[in-house]
Amino acid sequence: MCDQTFVAITFGPCDSCSENRPLMNLYIKTEPINYCSLCMEIMACQDLAGGETLNSLKAETESLRKRLEEERKKLHDVELEKVAEKAEALSALNLKTRRTLKGHANKVLCMDWCKDKRRMVSSSQVPAHPVFNSSQEHAVSMPTTWVMACAYAPSGCAIACGGLDNKCSVYPLSLDQNENLAAKKKSVALHTNYLSGCTFTNSDMQILTCSGDGTSALWDVESGQLLQSFHGHSADVLTLDLAPSETGNTFVSGGSDKKANIWDLRSGQNIQSFDTHESDVNCVKYYPSGDAFASASDDATCRLFDLRADREVSIYSKDSIIFGATSVDFSLSGRLLFAGYNDYTINVWDVLKGTRVAVLFGHENRVSSLKFSPDGTAFCSASWDNTLRIWA
């Protein structure tokens with residue numbers, strides 16, 4: 001995800017044996033507990049039947065996984081590229097940088113559009129993040145470096161952000177550019193490790209977050225109450241995306257365990273899981289219809305997963321691309337997939353045919369975030385070169 005590694009180590013009394021040891025944080029029926037490694041091993045072996053061992057159970061699990069994959073392959077009757085052979089080829093794209101936004105003093109890590117299509121918020125490695133329109137409108141100071149997540153509220157009246165402070169804070173916006181927004185901030189979410197992503201649901205009243213503690217969570221903005229927690233990743237959760245409102249109450253998350261998981265917001269259950277990537281999943285994005293999603297990974301590929309077919313249907317890669325993909329987003333029609341990479345470029349892929357149709361140059365460091373405006377007429381890219389670029 002970045003060139004720095006964040007490690008959280010908890011040391012204290014074990015909830016089981018009460019000895020002061022390095023602790024592992026886990027959840028049992030959404031209740032957090034802290035066990036040392038010895039008590040964790042004892043707990044894992046408690047309910048084993050006669051003759052069973054952890055290794056035998058792992059082998060059985062792997063066998064069942066392979067059987068499921070075989071059943072999936074039986075339904076894999078045709079490739080997406082084969083179906084798309086008769087689709088009309090795309091005409092040449094003429095995309096250029098129309099505006100470069102400067103206001104950050106260091107690496108820009110994340111950005112988000114306002115629903116009004118005129119404003120956006122961005123966050124950076126230094127503890128301040130601007131709100132832009134045609135020029136910088138607000139600059140909010142943060143008590144932490146590496147502000148890795150930011151989001152605009154649907155109403156456009158608030159923004160949310162967080163990072164190494166393990167919190168998600170909400171700031172109400174004002175027309176007065178001189179007003180101290182930091183004085184009005186409200187801490188809504190608290191994780192046990194860094195905040196890696198956040199997004200409002202379809203209202204300003206709830207916010208969804210993901211974290212390096214391996215969990216995602218749904219919070220009430222007004223009270224700060226945890227409404228639902230989501231446990232299923234075995235490593236840092238790096239990214240999430242909420243399904244289009246008309247498709248239901250689900251979201252997708254991706255993490256350092258190389259998995260992308262689909263979750264039910266109401267039950268907290270992991271309803272689908274995809275593990276075909278070979279490295280960290282840095283970004284996930286729903287297809288405009290909500291029936292599929294794309295992912296970007298450090299394995300230098302982007303992939304498309306069909307939720308109805310319950311499988312991967314396309315891989316977007318070339319032998320010449322050796323750097324990881326950091327971000328993805330679809331054009332408004334869904335025909336094009338835009339992906340930002342660590343080699344400073346943005347690659348544009350034909351979703352149906354699986355071919356690259358354009359490469360965009362301009363940034364002078366890795367592209368960290370990429371998002372289309374709500375009306376689909378332009379997209380913005382954020383980079384470690386301290387700038388954001390508007391392309392159209």
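Each residue's number is its place along the chain shown, starting with 1.
The backbone N, Cα and C atoms fix where each Cβ goes, and this holds for glycine too.
Residue ranges 51-88, 165-202 are listed, and TrEMBL annotates 51-88 among them as coiled coil. Spatially, the repeat 'WD' (274-315) is adjacent to the repeat 'WD' (326-359); three or more Cβ-Cβ distances between them are under 8 Å for residues at least 6 apart in sequence.
Looking at the repeat 'WD' (188-229) alone, the prediction's average pLDDT is 95.
For the repeat 'WD' (360-392), same-chain residues at least 6 beyond its ends with a Cβ under 8 Å from one of its own Cβ atoms are 95-102, 104-113, 115, 117, 120, 122, 124, 132, 326-333, 338-348. Beyond the repeat 'WD' (230-273), the same-chain residues lying 6 or more positions past its ends with a Cβ under 8 Å from any Cβ of the stretch are 1, 27, 30, 193, 196-197, 199, 201-202, 208, 210-218, 279-286, 288-291, 293, 295, 297, 305, 307, 310. Across the repeat 'WD' (274-315), DSSP classifies residues as 0 helix, 23 strand, 19 coil. Sequence-distant neighbours of the coiled coil (51-88) (same chain, 6+ residues past either end, Cβ-Cβ under 8 Å): 44-45, 304, 309-311, 313-314, 352-354.
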